[in-house]
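Enquirer: Per TrEMBL, the feature compositional bias 'Polar residues' maps to 823-835. Residues annotated as domain 'Amino acid permease/ SLC12A' in TrEMBL: 7-176, 296-577. For 716-781, 882-948, the entry in TrEMBL reads domain 'SLC12A transporter C-terminal'. Feature annotation from TrEMBL assigns region 'Disordered' to 823-852. According to TrEMBL, the transmembrane segment annotation covers 6-26, 38-58, 98-119, 131-151, 157-174, 335-357, 437-456, 462-483, 495-511.
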Amino acid sequence: LGAVLGVYLPTIQHIFGVLMFVRLAWIVGHSGFLESFFMVFACCLTTFLTAISMSAIATNGMVQAGGSYFMISRNLGPECGGAVGICFYLANTFATDLYLLGAIEILLQYIAPSLAMFGDIHTNPWNNFRLYGTIAVILLTFVVAVGVRFVQMLAPFSLACVIISVLCIFIGAFQANAETRDVMICLLGDRLLSPVATGAEHLAHAAENATAVLHDVAEGWCTKNSSSDVWNRYCSVVNDTEICDPFFVSSELRYIPGIPGITSGVIMRNLYSQYHEKGEVTPGVQGNQARGEVVSDMSTTFVHLCAIYFPSVTGIMTGSNMSGDLRDPQKSIPIGTILAQLTCSFVYLSFVFFFGATTEGPLLRDKFGHSLGGSLLSSRIAWPSHWVVLVGGFCSTMGAALQCLTSAPRLLQAIARDNIIPFLDVFKVTTKGGEPLRALVLTALIAEGGILIASLDYVAPVIDVFFLMCYGFVNLACAIQTLMKAPSWRPRFKYYHWTLSLLGVVLNLALSFIAGWYFALAAFAVAAFIYKYVEYKGGEKEWGDGIRGLSMSAAQKALLKLDEEDPHTKNWRPQLLVLCKLNSTDFKPKYGRIFNLASQLKAGMGLTVFAAVLHGDYLENSKKSHQCKEAMKQIMKEQKVKGFAKICVCFHRCQTVGLGGMRHNTVIVGWPYGWRQSTEERSWKVFLDTVKVIAAKELALLVPRGIENFPDNKTRLDGPIDVWWIVHDGGMLILLSFLLKQHKVWKNCHLRIFTVAQLADNSIQLKKDLETFLYQLRINAEVFVEEMYDSDISAYTVERTLDMEKRAQMLRELKLGRRGTVGQFSSQDRNNCVGQETEGSDEEEKGGRGGGGSLSVNLLHHDLLFHLSVFLCRNEGKLMRMHTAVRLNSAIRIKSGSAALVIINFPAPPAKLAAEENYMEYLEALTEGLDRVLMVRGSGQEVVTIYS
């Protein structure tokens, strides 16, 4: 198919709708020629700009099934595509209701009022509309289920009807004049009267007598004679005295042509608006239907009328939906769509002029043609007969409803086929003939809900917001792609500009709120829900969309603005580098809970990188590197952790991560469990080397101890978070505790700050100062001051200190091949030197009885005792440090034994290599007996400030 048959004519058929026949003249009557012309022009301009943007997108590659959904999803991403696709689907579904209700209105109001089943159609139309609307939905559903080929066979007939109807109205408008007197109206002052009063006593005869009375001028129904029908409405005889309504007496009764023609100059009287409230016959005056006065059935404003009219200009996406049937889509879609839109805009603006220039204002405001005996005004203008427009409008409107009911299920199927919304997977199924039967059934059910509204005027605003949202995103997609200047953006259609697209976005947004701010907010809420649902639950899709390109450009510009200098204190946030230890068998991270800990610090809104280091040549480990990365990404997805997974075949990952100012400043390192049991120094030396590299890089360090006890993201804790703030580190410990409390896992916990003071310090003043500092930081926490006495080492402290120092010395000297031997001699030494076993030694001795003693070993043991005593004398400073660790551990276990988490300073590593193993024992003593410990070492920079 070419541009004319494939795009132009189908688009015209879809744009020309029922509102052009049954509401446009009424809108002109209330808004006046000037405002209605502006209204129609604004609506047409909106769709014209959208047509330009759509042409650019449609010619930038092949458009597949789904039309605007396909274009939006491939240019703005699956999230926007899914959200707008659902809205566009609902728009097409409710458009079916609009066309069906319009067709039923033409049928029951103007063609065959006698078909009404629930009373008079003029006074009680709602149940009649619901009944016939339901029947129409069922019939059209069966027609669509037969197949799209059958629907396409009916399309030319529907198109012919609408074109003939438009041409007849054009001809009739030019032929209209005051001398023909085909259409006469009765005016009492400025009040329009119907030929038959619609009071209760006249309802039974209204439909039968209206036409006869209208043409029976000889009887003079529109006169003030006492025998006329009008006189009887306003006057009565009481005791042989005539009593008449004062307005009837003072006002002139005129019987004039209702369509005097263009040359009559009636347009000057129709220039300005006359908005009515419900029940008014003229602005500010309530009418009386019992007297035959034609009153407004609803309140009218510019906003209300614009909302009712806008669906008339929709349908510009028809050409893009037919791209698979076109000979040259990239040529036919722009030409056919823009020409069709311009043609329809010309017709609509011409109709505004014809209605305003040929018809009296009161007759224009007669919505259902009561003053004409129940005739449709646009049909009375048409030449040669009003039946041309009535039959043509009915057939074309039913055809448009059929098109919408055909396209909506296919749109839903296209969304389901992309697998971006999991709960729509059931609608991917089609019949053997390719018909989306399940989607059709759902569409019919939703359409039935619109039919139950039973009013064309109330369905139209619902359609507006969904179409406007779709059109707005088409313009947005074109604007983003143009501004990004991506290499893939090469549309064959060249007559577009990003300013036009942005203007289209603004117009669509403005019209959506004009149509009804409550409908607009509801549509945005639906779109936002679908967006977030696709983001979290939808399938991963990489379509090279513009949003990702926009993110890339924004990231590039932001990185260029960020220098590599240290950020200001107010801008400091933890940028995490999480070093993950991998299993040697499946290369998966060994401790999964470390991912949860990182995610629970997300309130800092910083960068998070999960990294693992593989030693060796990259060429040899490339496959292993890929396996590790996929395993880490899978765990991140399962734990719902936002961040990046990186695998590097190098020595120290913390030197290679980051770009410019967007680099990590905090590293999470797992505790080397089992280092005591290992006979290799590597088990703890790698840990210490990493700590030293982190310190050299001036990065903050987090070391979780007891990571297996840390909660996952589904757990909710309610105990205290205890911060033992021993060394001032710029507030790192306090900031981390605050960030953890922002997460749902720790939200119910409360903060407690412990600080250590000596006897010489003023503990009361120290507590007050710390409370003031926390108040200025806007952090709620309890403050405790723990005093450390300078007394002699207690028996427990001496015992524990000697035990750990002695054990470390023995491990260095012996390097035994079996852990059991070491455990045995340690136990013997404890019995010999101290006389009793110490608390916590059972953990070190599990499974340690397998060696047995020998003479040589016992000699070595006594030799070690001698060397150890000399060692302790020479290293009194180390002994005091170990004593501090034991005393602190004792205080922490007493005060924070039941805490949900303990956060404590991480001591600086020793400078000398010989002291490294003692340092590891020091850390063990500091944290022993605590379930969850987070050791923190700051970078030395301030990370919290009291200033705004």
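Cβ atoms here come from the backbone N, Cα and C positions, even for glycine.
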Enquirer: Restricting to CB pairs under 8 Å, which listed stretch, 6-26, 131-151, 495-511, is in contact most with the transmembrane segment (157-174)?
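Expert: It is 6-26 that shares the most Cβ pairs under 8 Å with the transmembrane segment (157-174).
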Enquirer: Look over the recorded stretches 6-26, 131-151, 335-357, 495-511 and say which has the most C-beta pairs under 8 A to the transmembrane segment (38-58).
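Expert: Comparing 6-26, 131-151, 335-357, 495-511 against the transmembrane segment (38-58), the winner is 495-511.
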Enquirer: Given a Cβ distance threshold of under 8 angstroms, which distant residues of the chain, six or more beyond its ends, lie next to the transmembrane segment (131-151)?
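Expert: Answer is 96-97, 100-101, 103-104, 107-108, 115, 117-118, 398, 401-403, 405-406, 409, 433, 435, 437, 440-441, 444, 447-448, 451, 454.
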Enquirer: Which sequence positions outside the transmembrane segment (462-483), separated from its termini by at least 6 residues, show Cβ-Cβ distances below 8 Å to it?
Expert: 46-47, 49-50, 52-54, 56-57, 60, 68, 71-72, 75-76, 80, 84, 87-88, 90-91, 94-95, 98, 307, 310-311, 314, 317, 450, 489, 496-498, 501-502, 504-505, 508-509, 511-512, 515-516, 519-520, 522-524, 527, 546-547, 549-550
Enquirer: Under an 8 Å Cβ to Cβ limit, what residues of the same chain, 6 or more beyond the ends of the transmembrane segment (437-456), are close to it?
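Expert: Sequence-remote neighbours of the transmembrane segment (437-456) are 18-19, 22-23, 90, 93-94, 96-98, 100-102, 105, 125-127, 129-130, 133-134, 137-138, 141, 144-145, 308, 405, 408-410, 412-413, 416, 426-427, 429-431, 462.
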